[in-house]
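Note sheet for the following structure.
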Amino acid sequence: MPALRKHPQTATKHLFVTGGVVSSLGKGLTGSSLGQLLTARGLQVTMQKLDPYLNVDPGTMNPFQHGEVFVTEDGAETDLDVGHYERFLDRNLSGSANVTTGQIYSSVIAKERRGEYLGDTVQVIPHITDEIKSRILAMAAPDEHGNRPDVVITEVGGTVGDIESLPFLEAARQVRHEVGRENCFFLHCSLVPYMAPSGELKTKPTQHSVAALRSIGIQPDALILRCDRDVPEALKNKIALMCDVDIDGVISTPDAPSIYDIPKVLHREELDAYVVRRLNLPFRDVDWTQWNDLLKRVHEPHETVRIALVGKYIDLSDAYLSVTEALRAGGFFHHAKVEMRWVASDDCELDSGAAAALADVDGVLIPGGFGIRGIEGKIGAISYARKRGLPVLGLCLGLQCIVIEAARSVGITGANSAEFDPATPDPVISTMADQRDAVAGAADLGGTMRLGAYPAVLEEDSIVARAYQATEVSERHRHRYEVNNAYRDRIAESGLRFSGTSPDGHLVEFVEYDAEQHPFLVGTQAHPELKSRPTRPHPLFAAFIGAALDYKAAERLPVEIPEQRSNGVELLQEPASRG
């Protein structure tokens, strides 16, 4: 009789997170929170998202359908859940953290064309599933420091029963077979709905969801029961029996006051302890020092600050997920709660509209975006805030709108972006040289922007240099357009300072007004929100929230900002009260 195959106990463990009954149960936050707990126990954890859509990446998808595109350090356009992973694990991930059906099929078809399958009939099994497995197992490779992860948490997108998810679930099943059951863990998230007329929690949807998962060969090791209230022990015992799961693996996760409370909820239910026992992982007790400090800042703020986010996609808050999380983290830094005011950019085109929307806020954030819709409203919001000393932070497109507004204020009345008006006589924002083919339709749009981390050099004693406490920084980018250097001198007449550029001085990365002219009006071509962490707020957002708190505390009349006419004569704006 042949010897039984043995799997090394020191192998990287693989934990898969699946979902059933309905989508949007919080698989990503559940996996991120569990990853945070395992990290706090001294383990090396990395994460991955498997997305079952045919797009190669979300870069060309409508923000209303998909939410934000999260850009990694290496320039990959990924799912917003990757942002949750980075924020909860407090580590940078790469493009390999997001795998889509489009990537898998593109790779397999390319290999077939190269003849790598030696004449085989290319099929979903084994060729597609093998490609998926290779992406999953590659996450166990050592990082740049030679450290191999103890645990890889892989979230399988979609819902059990979806046709699109089947190849990913089959690949996950095969991974368990290859690495050994003792090195693999399946965590299934399911809905336990509350029926108000009968006053009952219903377990049948979870039973059917687990039955569907078992029908394709996967027996979950633990269940996350999502509900608006605690699931009582009697129902947990029933679910454990009917779904053949250890009672220790049946986890009640009622809605939490904050996403940052979820690790505490999972720890209270002892999920992390169950996982480390089941996978035979070395561990220590959870170190709550940093997370408890965060929760104190979340739940016991000393003051409140109101920030207006003037955007184009405000009907879906996920379109600005990293921005809102970075703003909240900036508030945590100051022991302050950030109240979001969602403002449709179209509402701010006229000064009266901007006044109605922004009169009682303490700061204005202009986020990124694409296309002409709502642009004049963003510019109108900047103009309103500039004339009243209201703190402003512009991101990517926000910087470009700040530059356009400054140019118009000194008489360049036709100032615009080549993106919004290709025929503008004054393209103060122009197409980057290496992006012209893509803009003209002569090259692919997907994956061709200026993506990923790029360095910038900051002017000493500038607002941004003081915020960063450095003159050399690196931020992530996602854009095709840049400030037109031919207009720099004329725009500078407005007082706008180009306080940060690429190392060669060519590309404008940061702009600001001197503090004597405006307390805080700063723009960056980058997306600093992508590097913010709840426990390590981004310095630019911390500085912005600090300026907003100062503005609120002063309760002053807005400062008089000199408006430059094209002939160089100053025109003072009439001061107006905040209210």
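Cβ atoms are placed via backbone N, Cα and C, with glycine included.
Annotation comment: Swiss-Prot describes 1-281 as region 'Amidoligase domain'.
Swiss-Prot lists SER23, ASP162, ILE163, GLU164, LYS202, THR203, LYS204, PRO205, THR206, GLN207, LYS238 with the feature CTP binding site. In the three-state DSSP scheme, THR206 (CTP binding site) falls into the helix class.
The UTP binding site annotation in Swiss-Prot covers SER23, LYS202, THR203, LYS204, PRO205, THR206, GLN207, LYS238, and the record cites sequence analysis as its basis. Sequence-distant neighbours of PRO205 (UTP binding site) (same chain, six or more apart, CB under 8 Å from its CB) are GLY20, VAL21, SER190, LEU191, VAL192, PRO193, listed in sequence order.
ASP81 (ATP binding site) counts 24 other C-beta atoms within 10 Å of its own C-beta, drawing on all protein chains shown. In three-state terms derived from DSSP, ASP81 (ATP binding site) belongs to a helical segment. Annotation source Swiss-Prot lists ATP binding site at SER24, LEU25, GLY26, LYS27, GLY28, LEU29, ASP81, citing sequence analysis.
DSSP gives GLU155 (Mg(2+) binding site) a strand state. Residues or ranges marked as Mg(2+) binding site in Swiss-Prot: ASP81, GLU155.
Among the features that Swiss-Prot reports, domain 'Glutamine amidotransferase type-1' is placed at 306-554, with the record citing sequence analysis.
Residues or ranges marked as L-glutamine binding site in Swiss-Prot (evidence: sequence analysis): GLY369, LEU397, GLY398, LEU399, GLN400, GLU419, ARG480. For GLY369 (L-glutamine binding site), other Cβ atoms within 10 Å of its Cβ number 21.
Residues or ranges marked as active site, nucleophile in Swiss-Prot: CYS396. Close to CYS396 (active site, nucleophile) in the fold, though at least 6 residues off in sequence, lie PRO367, GLY368, GLY369, HIS477, ARG478, HIS479, THR524, GLN525, ALA526, HIS527, each with a CB less than 8 Å from its CB.
Residues annotated as active site in Swiss-Prot: HIS527 (among others). DSSP assigns HIS527 (active site) to coil in the three-state reduction, outside any helix or strand.
Sequence-distant neighbours of GLU529 (active site) (same chain, six or more apart, CB under 8 Å from its CB) are SER322, VAL323, GLU325, ALA326, LEU395, HIS538, PHE541, listed in sequence order. The active site annotation in Swiss-Prot covers GLU529 (among others).
Annotation for ILE163 (CTP binding site): no same-chain Cβ neighbours under 8 Å separated by at least 6 residues are found. Largest Cα to Cα distance within the recorded UTP binders SER23, LYS202, THR203, LYS204, PRO205, THR206, GLN207, LYS238: about 24 Å as a whole number. Checking each of the binding-site residues (GLU155, THR206, GLN400, ARG480) against LYS27 (ATP binding site), the C-alpha distance stays within 10 Å for GLU155. The Cβ of SER24 has fewer other Cβ atoms within 10 Å than any other of the binding-site residues SER24, GLN207. Across the structure, GLU419 (L-glutamine binding site) and LYS238 (CTP binding site) are spaced 59 Å apart at their Cα atoms. Looking at GLY398 (L-glutamine binding site) and ASP81 (ATP binding site), their Cα atoms lie 24 Å from each other.
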